[in-house]
Amino acid sequence: MLIKKAKSYGFCFGVKRAVEIAEDSKNAVTLGPLIHNPLEIKRLAQNYNVNYVDSIDKIDDNIKRVIVRTHGIPKKELEKLKNKNIEIIDATCPFVKKPQEIVEEMSKAGYDIVIFGDINHPEIKGVMSYSVHERVFVVLDVKELKNIKLKEHIATVAQTTRKINDYLKITDYLIQNYKEVRVFNTICNATFENQDAVRELAKEADIMIIIGGKNSSNTKQLYNIASEYCESYLIENENEINPEWFKNKKLCGISAGASTPEWLVEKIISKIKEVTWN
Ligand code: F3S
């Protein structure tokens, strides 16, 4: 069986940057996991003593540094941190900062804010917190949007990891129904590149293995795209591999989410080779 990696996969610019910041910071804590990959989080804890806490109240006085993670945090939490005697190292991806800034600016200008994304995702919790008023609405589809009575002036942003075609449905509806719609394309290129590459490879592969955290939305997107074309599996580590999957398969495609380190991709490829060659 042949194993082929997608043309583009794995760590994006923002995650590479956050991991480098964490490695340089040492002995720090992150508020929530720095990135969506449990194994990389473990490596940072073991090798660099960078651990994570799940709330500001758990940051005790012995901790001198806190890293704000790639997805950003709500504005109030950032303010709470600033009131503590602690060094704040901001690893929020610049592409996540952008929708935060837009929401702040457009809400100040009096626009209703529509955010296309998942309200439970940390990035969206952070982005919506930048609105200076309460008229901020998070939707996942047009159906949800139809239930909201918006004012005539609307600004809209998208979660960085969303599909552009889905965002277009939202913006289409808004433009057809409201007088002024300011559309900001905040979807990140890294996501496009990994998605295009997984689609291309899944078309020719018999099986696709997508590597990444099961709580990572961009990894799930890659998995959903791959599943449209061939048998696909989303795994976090090599122990989840089942040799049965590869029976009678000629080409196995590999892709990985934006939070998946290269060392993990290589480890999984070695494991696939091991189970398919014995
Ligand atoms: Fe940033 Fe895009 Fe990665 S938003 S964290 S570069 S997927």
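Cβ coordinates come from backbone N, Cα and C, glycine included.
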Further binder of (2E)-4-hydroxy-3-methylbut-2-enyl diphosphate named by TrEMBL next to HIS36, HIS71, HIS121, THR160, SER216, SER217, ASN218, taken from the candidates SER255, SER259: SER259
Length of the line joining the Cα atoms of CYS93 ([4Fe-4S] cluster binding site) and ASN218 ((2E)-4-hydroxy-3-methylbut-2-enyl diphosphate binding site), in Å: 15
Among the dimethylallyl diphosphate-binding set HIS36, HIS71, HIS121, SER216, SER217, ASN218, SER259, as the record gives it, the longest Cα-Cα distance in Å: 15
CYS12 ([4Fe-4S] cluster binding site) versus SER259 ((2E)-4-hydroxy-3-methylbut-2-enyl diphosphate binding site) - Cα distance in angstrom: 7
Among HIS36, HIS71, GLU123, SER259, the recorded positions whose C-beta sits under 6 Å from ligand 1: none
